[in-house]
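Below is one structure; the comments refer to it alone.
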Amino acid sequence: MEPYTAGESVHLLDESTQPHRPLCPPLSSLSSSFCLKTTIWSELSGAVGDLGTYIPIVLALSLVNGLDLGTTLIFTALYNAITGLLFGIPMPVQPMKSIAAVAISPSSRLSLPQIMAAGLSTASALLLLGASGLMSVFYRLIPLPVVRGVQLSQGLSFAFSAISYITLNQDLSSGKTAGSRPFLGPDGLLLALSALLFILLSSGAGVPSALIVFFLGFILCFASDPSVIKNLNLGPSPLRFMAITWEDWKIGFIRGAIPQIPLSVLNSVIAVCKLSGDLFPDREASVAAVSISVGLMNWAGCWFGAMPVCHGAGGLAGQYRFGGRSGLSVLFLAAGKMLLGLMFGNSFVRILGQFPVGILGVLLLFSGVELAMASRDMGSKEESFVMLVSAAVSMKSSAAAGFVCGLVIVLVLRIREVEFFHLLRERLCSTARSGSAHQQP
């Protein structure tokens, strides 16, 4: 990218293929969604690439708010399979993080119907934006450095959380730390550092490193507490319709949906579509399709108590980092979730409660770094400045605040380039020089 010069504008997103991309690909395209792009082992490894985000949030909601894990596993399995087919890339299905953070917070804890009301409200907003075409308009108008700032902030947030997971004991049900992690033990610092070193050494060698590390953690669930096997109940959870009162709608919308909607628009739709174009230039996801996808997923599952979900740039970065290159990757993930959900239902939460948090931190660290590195294409000082300020404000305040701040800076930079202001400045300078000349004797 050439250095910034006077008269050059901060780049907008490249929307050349967005407005004309069909919401549902043709059958010929769908048939290639599950075609093997690399190796089965790479796709399997990529399948677990976003579990560093998925497992902690699902586990916390299950322990604190009574979320039915079995129902969530089955519905998210269906989401994974369908979106993998439609988009042809390892499109992630992740929890709505802002809603989850509010729901498990002791100061603003939400009931299960209120969580579902928040998810449905957010889904309705994204469904409307996608179906009306407004999301495509936003995509065309938002400057690229602002999107990169949101991606950078999200990637760094993942990385910071990952380091905390690796080095400190975590109480996932409260979101608090409980002192330094012991060096030895089934969830010790040595285990996490060994997993980190193994992934670094095996990168590029065709080894399904994330899959191996994940299965090691799964085995340690039983090694650390063999009694969890006795507490497992065979069979899926019963399907229950969620009764949501008017009060639930009001609380869910105000506390959960209002902070979640801007995050979903920016990170779950715009950022993930831009990242999909960076990673898969021939398969960039349509913003309208992704927005509608989030809406339909939640309108299908939240009425039955399934966790509110969205797509996420961090999950896509993690799955790509560990080898996911097609919809086959998330199809493998869907098969695993469906099997566990049908076999053990909600009782599977007892096993997840024993999963080594340090290993989840290692997976999350690579996802965060991969997402943050998407911002490396900002070559000029002005673009880098916009990106870094947007990222800093996003991390200190919120993604919405960082987004608005970035837009204001871009607007100021463009005003500076308008010819009218150049002429006005020259006229003022000329007037000042003329006045100075008249004052001389």
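Including glycine, each Cβ sits where the backbone N, Cα and C put it.
Per TrEMBL, the features are:
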- 69-89: transmembrane segment (TRANSMEM)
- 115-139: transmembrane segment (TRANSMEM)
- 151-168: transmembrane segment (TRANSMEM)
- 189-220: transmembrane segment (TRANSMEM)
- 285-306: transmembrane segment (TRANSMEM)
- 327-345: transmembrane segment (TRANSMEM)
- 351-373: transmembrane segment (TRANSMEM)
- 385-413: transmembrane segment (TRANSMEM)
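Contact counts against the transmembrane segment (189-220), taken as Cβ pairs under 8 Å, peak for 351-373 among the stretches 115-139, 151-168, 285-306, 351-373. Between the transmembrane segment (69-89) and the transmembrane segment (151-168), fewer than three CB pairs separated by 6 or more residues in sequence fall under 8 Å, so the two stretches do not touch. Long-range contacts of the transmembrane segment (151-168) within the same chain: residues 52-53, 56, 177-181, 189, 192-193, 196, 267, 271, 274-275, 313-314, 317, 357-358, 360-362, 364-365, 367-375, 387-388, 390-392, 394-395, 399, 402, each at least 6 residues beyond the stretch ends and with a Cβ under 8 Å from a Cβ of the stretch.
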